[in-house]
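Q: If you scroll down you'll find the structure; I have some questions about it.
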Amino acid sequence: MRSAISLSLLLVFLSRVQSDIVLTQPEADTGKPEGSLRLTCKTSGFSLGSYYMTWVRQVPGQGLEWLVSYHSSSYQYYAPEIKDRFTASKDTSNNIFALDMKSLKTEDTAMYYCAR
């Protein structure tokens with residue numbers, strides 16, 4: 001039986017209530033162990049290039065785990081446990097904040113959230 005890594009994604013709205021600012025993610029995606037996967041977060045209502053963006057994840061029944069905060073290629077900070085496997089990036093022309101993941105492990109199974 002082939003095992004899979006389930007990565008669920010949700011819409012994440014900013015903590016500040018501003019109806020014109022939205023972060024949108026696909027509902028769910030699945031990767032295979034040792035495989036790779038790209039998560040995307042479409043942004044609107046603000047200039048993506050002007051802000052730090054963050055990826056966090058949550059394993060069911062546990063708290064949020066910070067993964068990366070990213071402003072630009074010069075200003076990016078990664079959690080040590082994912083530093084060599086995950087890479088964040090911004091496509092400011094298309095307003096997309098992405099997380100490229102490689103060498104997936106079963107412990108990467110979680111809900112992934114982007115946030116500003």
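Note that the numbers count up from 1, one per residue, in the order the chain is shown.
Glycine too: its Cβ is placed from the backbone N, Cα and C atoms.
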Q: What range among 10-14, 50-54 does Swiss-Prot record as region 'Complementarity-determining-1'?
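A: When 10-14, 50-54 are checked in Swiss-Prot, region 'Complementarity-determining-1' belongs to 50-54.
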Q: Let me know the model's mean pLDDT on the region 'Framework-2' (55-68).
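A: In the predicted model, the region 'Framework-2' (55-68) has a mean pLDDT of 96.
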Q: Taking the Cβ of Cys114 (disulfide bond) as the centre, how many other Cβ atoms fall within a 10 Å radius?
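A: There are 27 of them.
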Q: Restricting to the same chain and to residues at least six past its boundaries, which positions have a Cβ under 8 Å from a Cβ of the region 'Complementarity-determining-1' (50-54)?
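A: Non-local partners: 41, 43, 66-71, 75, 88, 90, 97, 114-116.
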